[in-house]
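Chemist: After the structure tokens below, expect a handful of questions from me.
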Amino acid sequence: MAPALPITLPSKMSLRSLKWSLLLLSLLSFLVMWYLSLPHYNVIERVNWMYFYEYEPIYRQDFHFTLREHSNCSHQNPFLVILVTSHPADVKARQAIRVTWGEKKSWWGYEVLTFFLLGQQAEREDKVLALSLEDEHLLYGDIIRQDFLDTYNNLTLKTIMAFRWVTEFCPNARYIMKTDTDVFINTGNLVKYLLNLNHSEKFFTGYPLIDNYSYRGFYQKTHISYQEYPFKVFPPYCSGLGYIMSRDLVPRIYEMMSHVKPIKFEDVYVGICLNLLKVDIHIPEDTNLFFLYRIHLDVCQLRRVIAAHGFSSKEIITFWQVMLRNTTCHY
């Protein structure tokens, strides 16, 4: 009979090491499962735009107009209406536009109207500011305002207001542009560009952003939550610096807006509506018509653009005055 092999029992040290190893393994497994359950692993990879659509118009906005333009646009047939988002306190910015690219009302016989889009200054609006806005409106008659709070996160409400106003009060405008107060518009170039189009229906253009990723970082201005937008990629859309559309699209987009819950970024929101309507963005052949970022443009370059973003009120006035001079450009 073979002798029995000696059995070596694990020492207390080995048992303690095994115990800690199992504990660490369990903790690691828990952390992995927790990490996999985080929202960035739940992001929907395949974009289905019907996710945003409600069959009933439950998102129709019922804010009231507290100021409207003097001119009866419904009885006019302007070639182009430019709608400029503005904050109630931005009096200098509005005035800079009134004396520069928004001053001239007719280009080669084609009527161009410019209006400013505003919300309320605060829930308890400052009475002095309210009176000054009333006076400003009495003087110029170019302010369109509703009674929602004027904040960055409510820019989408301001855009919905713009589409509603055109649909209800200015339906005969041939083209509509939405832009901001810090954008330099070469109005003459814009009118020329629109006159040279081969088609005037189902047209939407601007600075195109294709396959632009949603930002989940800490910078709040560009952050959007997973709850608000669960996709990694935004739809094709045009930057809010300035997008242009034909009049037939305005009521269609406005109607679609009543079926789509507003999100933080107004330009992306319009892009979602365009995708649901199966409207493609027209990408300009000339890539130098729209400038998204602040760049150092000289007067000759500004004569060739339609819209350039990132200008102060003082710069808009200065560049406009220089552009009007008979400067010879050799390129």
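For all residues, glycine too, the Cβ spot is worked out from N, Cα and C.
According to Swiss-Prot, the protein carries these features:
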{"type": "CARBOHYD", "residues": "Asn72", "note": "N-linked glycosylation site"}
{"type": "CARBOHYD", "residues": "Asn154", "note": "N-linked glycosylation site"}
{"type": "CARBOHYD", "residues": "Asn198", "note": "N-linked glycosylation site"}
{"type": "CARBOHYD", "residues": "Asn212", "note": "N-linked glycosylation site"}
{"type": "CARBOHYD", "residues": "Asn326", "note": "N-linked glycosylation site"}
{"type": "TOPO_DOM", "residues": "1-20", "note": "topological domain 'Cytoplasmic'"}
{"type": "TOPO_DOM", "residues": "44-331", "note": "topological domain 'Lumenal'"}
{"type": "TRANSMEM", "residues": "21-43", "note": "transmembrane segment"}
Chemist: Which one is it, among the glycosylation sites Asn72, Asn154, Asn198, that lies nearest to Asn212 (N-linked glycosylation site) by Cα separation?
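Modeler: If we rank Asn72, Asn154, Asn198 by Cα distance to Asn212 (N-linked glycosylation site), first place goes to Asn154.
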Chemist: In terms of DSSP three-state secondary structure, what is the assignment for Asn154 (N-linked glycosylation site)?
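Modeler: Helix, per DSSP.
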Chemist: According to DSSP, folded down to helix, strand and coil, what is Asn212 (N-linked glycosylation site)?
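Modeler: DSSP call for Asn212 (N-linked glycosylation site): coil, neither helix nor strand.
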Chemist: Which of Asn72, Asn154, Asn198, Asn212 has the fewest nearby Cβ atoms, counting only those within 10 Å, among these glycosylation sites?
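Modeler: Relative to the other glycosylation sites in Asn72, Asn154, Asn198, Asn212, Asn198 has the fewest Cβ atoms within 10 Å.
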Chemist: Grab the pLDDT values for the topological domain 'Cytoplasmic' (1-20) and give me their mean, rounded.
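Modeler: Per the prediction, mean pLDDT sits at 60 for the topological domain 'Cytoplasmic' (1-20).
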Chemist: Work out how many Å separate Asn198 (N-linked glycosylation site) and Asn72 (N-linked glycosylation site) at their Cα atoms, rounded off.
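Modeler: Given the Cα positions, Asn198 (N-linked glycosylation site) is 30 Å from Asn72 (N-linked glycosylation site).
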